[in-house]
Amino acid sequence: MAFPLKDDLGRAKDCWGCPSDTPALSTCSNADIFRRINAMLDNSLDFTGVCTTPNTKGKCEHLQDYQDTEGPAASRMLFSTSHEPLPRGLPDTNDLCLGLQSLSLTGWDRPWSTQDSEAGGHSSTPTAAQSVFSMLNSPMGKPSPLGFLTFDPIGSDLMEKYPTPLLRSSRLDSRSILDSRSSSPSDSDTSGFSSGSDHLSDLISSLRISPPLPFLPLGGGVSRDPLKLGIGSRLDQDHAALAAATVSPLGITKGWPSTSVWPSWDLLDSAEDPFSIEREARLHRQAAAVNEATCTWSGQLPPRNYKNPVYSCKVFLGGVPWDITETGLINTFRVFGALSVEWPGKDGKHPRCPPKGNMPKGYVYLVFESEKSVRALLQACSQDLLSQDGLSEHYFKMSSRRMRCKEVQVIPWVLADSNFVRSPSQRLDPSKTVFVGALHGMLNAEALASIMNDLFGGVVYAGIDTDKHKYPIGSGRVTFNNQRSYLKAVSAAFVEIKTAKFTKKVQIDPYLEDSVCQVCNAQPGPFFCRDQVCFKYFCRSCWHWQHSMEILRHHRPLMRNQKSRDSS
């Protein structure tokens, strides 16, 4: 029985029974063990041609046997070369090749007796390596049946015998190879091989196995290791090209975490920081405060001409006396109608109480029960007309125990300012929509659309996000009619807006929707990578999988704001 490969002329080769430089399996010394295993498996293994040729000098005599590790022994068990389907539970060719790929160690393309020398030649079977690699295109996206046990990774005994730099800085994690998402019967705990007896496991562990077939050699000027560039994460050709241009052969071990050859699983299983992605996503929402603007818009905001405006029942009160209390506010404004008070820090445990012992931050929100109360309040205010912008500011005089006749600013919100449609017949495409954060309170939807259209062009819609009282929450959405304008806006990221009344830096991100992970297509994808190398949705495990690579580790996640807009 043999593993058929094809030589350069397309003819089948037997890498276990023919004289070659390829390391061979020491089957002759294991014949009795194989017969006992075959008997336990109802003689399902084909031993034709096996153990008929002794390991004579000049063929495979120089190979050293490796019998200290159980994992490689199991992953290189004999299997039938016939075209009949394998017995239930036995590993097939794909499974065995998975084990080969996981062992991408220096010198596996040469006999072990010549690992430390430069004389070892590379294998002459590149087509076999390519075919094996093609079967491993995406272990996460294309479930493959895995019918063998999860054995321990190569241990310290191998590191002591062969202390190569890669071994010293690496650790093979079998879970990354064996974590298939297939629902195949051969994956289940009741499959034939997975539920084998302890005696069978003992037989397997006692096998004397030589090194595996050459696979993905790291030497010889190879520019990159396909395994380490994210097998299973479905990096497309653009990603692979970027990785090939960034990772050099000499620095191939430096581009990965020193604790694991297969990326991400240490990070995934980290008990110290299970919510690191969420924390980074929350920090990104305040990124405008610490990042420089890439472009600036300056000018006049569009004039506002209202006919019978309808207001939100919620108004902003700025510049309130520092010693004001909730009782004092209600007593002052209840002449206009029933109301409640919302203090800053509404996300805390007591949103309707002044923070830190009646020490407000200088502003507060009033929520009236009727829109008519807001109209009455505005009529009682003095107005400062801002002729250059067509805006007017409302001020109301109030007093506290220690401050007499203090003017506070009243900022209402007209409901018509929440949405602006430039082309009513244009269909709004979420994939061409951006999220704009850190908006100034004086920016309405029309002004936002005008600014974004001046900068990037193609704006067909702008909307301001509001809470349950239909009052702005400081963010908005802008939809474009073409992909180029959309990508320009996303690439800009931070834009500074300068007007006669205020200067504000806003933050632009892709608009996020509920989506499945675009890598595994199996789990929800709440995390989005805005970097154009990725630019897709990820589940937690796929995010760690892809972004554990050094060239992608600087990417920051985005998440939809989980805080309900009805929280107030």
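Including glycine, each Cβ sits where the backbone N, Cα and C put it.
Lifted from Swiss-Prot, the feature list:
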BINDING   Cys517, Cys520, Cys539, Cys542  Zn(2+) 1 binding site
BINDING   Cys529, Cys534, His547, His555  Zn(2+) 2 binding site
COMPBIAS  179-195  compositional bias 'Low complexity'
DOMAIN    313-410  domain 'RRM 1'
DOMAIN    432-513  domain 'RRM 2'
MOD_RES   Ser138  phosphoserine
MOD_RES   Ser174  phosphoserine
MOD_RES   Ser210  phosphoserine
MOD_RES   Ser248  phosphoserine
REGION    173-195  region 'Disordered'
REGION    181-208  region 'Necessary for degradation by the proteasome'
Task: Alpha-carbon spacing, His547 (Zn(2+) 2 binding site) to Cys539 (Zn(2+) 1 binding site), which is rounded to whole Å - done: 12
Task: Zn(2+) 2 site shell beyond Cys529, Cys534, His547, His555, criterion: Cβ within 8 Å of Cβ centroid - done: Asp531, Val533, Phe538, Trp543, Gln546, Leu552, Arg556, Pro557
Task: Alpha-carbon distance [Cys534 (Zn(2+) 2 binding site); Cys517 (Zn(2+) 1 binding site)] in Å - done: 12
Task: Rounded Cα-Cα span from Cys539 (Zn(2+) 1 binding site) to Cys529 (Zn(2+) 2 binding site), Å - done: 11
TODO: Would you mind splitting the domain 'RRM 2' (432-513) into helix, strand and coil residue counts from DSSP?
DONE: 23 helix, 35 strand, 24 coil
TODO: Fill in the CA-CA distance, Cys542 (Zn(2+) 1 binding site) to Cys534 (Zn(2+) 2 binding site), as an integer in Å.
DONE: 12
TODO: Check the domain 'RRM 2' (432-513) for me and report the mean pLDDT.
DONE: 96
- [ ] Within 10 Å of each Cβ, count the other Cβ atoms and name the one among the binding-site residues Cys520, Cys534, Cys539, Cys542 with the highest count.
- [x] Cys542
- [ ] Taking only the Cα atoms, work out how far Cys534 (Zn(2+) 2 binding site) lies from Cys520 (Zn(2+) 1 binding site), in Å, as a whole number.
- [x] 14
Open item on the list: Let's check the environment of Cys529 (Zn(2+) 2 binding site): how many other CB atoms sit within 10 Å of its CB?
Closed with: 21
- [ ] Please determine which of the binding-site residues listed here (His547, His555) has the lowest count of neighbouring CB atoms within 10 Å.
- [x] His555
